[in-house]
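Okay, so here's the structure we're looking at.
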Amino acid sequence: MKIPVSRLEKFTSDNARVDTAAIQSLPNSRKIYIQGSRADIRVPMREISQSDTNTSQGIEKNPPICVYDTSGPYSDPDTNIDIRHGLLPLREKWIEEREDTEVLSGLSSSYSLKRLQDPALTAMRFNLTRPVRRAKGGSNVTQMHYARRGIITPEMEFIAIRENQRRERVTDLAKSELLTRQHPGQSFGAAIQEWITPEFVRDEVARGRAIIPANINHPEAEPMIIGRNFLVKINANIGNSALGSSIQDEVEKMTWAIRWGGDTVMDLSTGKNIHETREWIIRNSPVPIGTVPIYQALEKVDGKAEELTWEIFRDTLIEQAEQGVDYFTIHAGVRLPFVPMTAKRMTGIVSRGGSIMAKWCLAHHKESFLYTHFEDICEIMKAYDVSFSLGDGLRPGSIYDANDEAQFAELKTLGELTKIAWKHDIQTMIEGPGHVPMHLIRENMDLQLEHCHEAPFYTLGPLTTDIAPGYDHITSAIGAAMIGWYGTAMLCYVTPKEHLGLPDKDDVKDGIITYKIAAHAADLAKGHPGAQIRDNALSKARFEFRWNDQFNLSLDPDKARQFHDETLPQEGAKLAHFCSMCGPNFCSMKITQDVRDYAAQQGISENEALQEGMAKKADEFIEKGGEIYRKL
């Protein structure tokens, strides 16, 4: 009898690979690279090919459409993915060239060393050891520090190319305004540029209006930017819990999330083997990884918040920084005086990190050690270029609690902490709510810009109603689209399992696609240059009944094709000038095309063709007796 291989054994075997679904190219898409000023700046994009259009005047070529690509090497057919070896260190040479870091002889965290020396963990450990780096004594290695010194790093050039999405090629190739025409947007005072330059990237980072999460110990990450004046980004949360999931599950969730468009991934693991899980994820992730270090610190004291200490938390920060975590959520704004403000709430403190620190504050009747040791935290962050994501530990967990005293008291504190972080040249973004009805969302954005000095805003939704468990990806996407339009730089996705359970791969995909819609809708509303090109291309394909192009240009080609084929599965149906909604005789687009073709044949305008058709129908009505209702 064959003994089934356990998930752990399967994951750590020599031929371990990500699941094949995550590395398949999307239909009619190919990975391309745009080279920068040096050979090792190769910016990945996804190019979607289109078929030709047959017109009465002949063949019209439709240009390929380039879109932002977060999938890393996983979608490159020329790359052999082996998760036991991780990804290639893309940024390693750039980091070495700056000559401001040093390779450590060993790990600095006592907990990391303890895990390394435990033989029981050998089977699950990521065994390819990467050298650990730290800033040389007295050096600051943050992208903000370089930016403020006037230095344009390779990361900044990479980002500028990436943000422009090669749209100049569409502008050059398009023979009309059909693809490049765009509605003017309302940006609410943002400084959105027609073209992103490396200098603009540098300036935005220097001013604190954007961050480049890029730990020097995560050289595998492809540079990206989070800021109000750039494309709206989305984050995907993954992570195990005490009730389930494995290392393999979480690595697969990560690769699945980035396939569908996750710009960053947060590992929120609270179950077993958090350290090992995170190592596997980081070594195989081409996108920035964020964490909430207090979660792991709590595990180290067996879940007893009152037993947490600064020393335990400090060691956890160093442990994770040396693994390569790119940004830390730190709930330093949860202060002792704010905790009583939550007593009037319907749902109290719903943030895990916020509740941990509130309990600690009450148990010791002291200010949080995250607040009192904030400058010490800054010293650690700038030695590895870990960005702050200042946590909203007092965010509202219900519509009832939206925009209350506790929430905005914390927001003001986060603004004060931002200035301290900037004094150390540490990149910083601010986390936001939460549960907020639509008419109160704008106030959140306005106050964040005011109190936090235009540091990037990173929000969870917000959810706009509390009545739809199982559909909170939708309730939150409504709020996410709105706050993204108002100026939020990154949206944290919500899956259908929110408030109900641990999301699986399908939930991750649903959350990603839903939030890609919200982010793109926000880009359109802001008038982000080039945001409408993909919409225009898909609309043109739809009008011309180029079904496969319509599927391929969509955010989820698989689902679009599946829905079409449920009623019209034949291959010939993908050439038909109708769908199953209206059928062949009532398709509005088909009727419009017939009018255009008739006008072209008769050498008259479309309006003249419509008037001529109306006159013929009027004559036909009179000829048949002029009766409104005729007997059949």
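Each Cβ is built from the backbone N, Cα and C atoms, and glycine gets one as well.
Positions annotated as substrate binding site by Swiss-Prot: Asn237, Met266, Tyr295, His331, Ser351, Arg352, Gly353, Asp392, Gly393, Leu394, Arg395, Glu431, Tyr458. Counting every protein chain shown, the number of other Cβ atoms lying within 10 Å of the Cβ of Ser351 (substrate binding site) is 23. Reduced to three states, the DSSP call for Ser351 (substrate binding site) is coil.
In the shown protein chains, 13 other C-beta atoms lie within 10 A of the C-beta of His499 (Zn(2+) binding site). His499 (Zn(2+) binding site) carries neither a helix nor a strand DSSP state and counts as coil. According to Swiss-Prot, the Zn(2+) binding site annotation covers His435, His499.
The feature [4Fe-4S] cluster binding site is assigned by Swiss-Prot to Cys579, Cys582, Cys587, with sequence analysis given as support.
Note: the CA-CA distance between Tyr295 (substrate binding site) and His435 (Zn(2+) binding site) rounds to 22 Å. For the pair Gly393 (substrate binding site) and His435 (Zn(2+) binding site), the Cα-Cα distance reads 13 Å.
Of all the binding-site residues listed (Gly353, Gly393), Gly353 has the fewest other CB atoms within 10 A of its CB. Under 8 Å, Cβ to Cβ, and six or more positions away along its own chain, Asn237 (substrate binding site) finds Val265, Met266, Leu268, Cys492, Tyr493, Pro503. By neighbour count, meaning other C-beta atoms within 10 Å, the densest spot among the binding-site residues Tyr295, Tyr458 is Tyr458.
The Cα of His435 (Zn(2+) binding site) lies closest to that of Arg395, out of the binding-site residues Ser351, Gly353, Arg395, Tyr458. Closest by Cα distance to His499 (Zn(2+) binding site), from the binding-site residues Ser351, Gly353, Arg395, Tyr458, is Ser351. For Arg395 (substrate binding site), the same-chain residues 6+ apart in sequence whose C-beta sits under 8 angstroms from its C-beta are Val350, Ser351, Gly354, Gln407, Glu431, Gly432, Pro433, Gly434, Leu460. In this entry, substrate is bound by Asn237, Met266, Tyr295, His331, Ser351, Arg352, Gly353, Asp392, Gly393, Leu394, Arg395, Glu431, Tyr458, whose most widely separated C-alpha atoms sit 20 angstrom apart.
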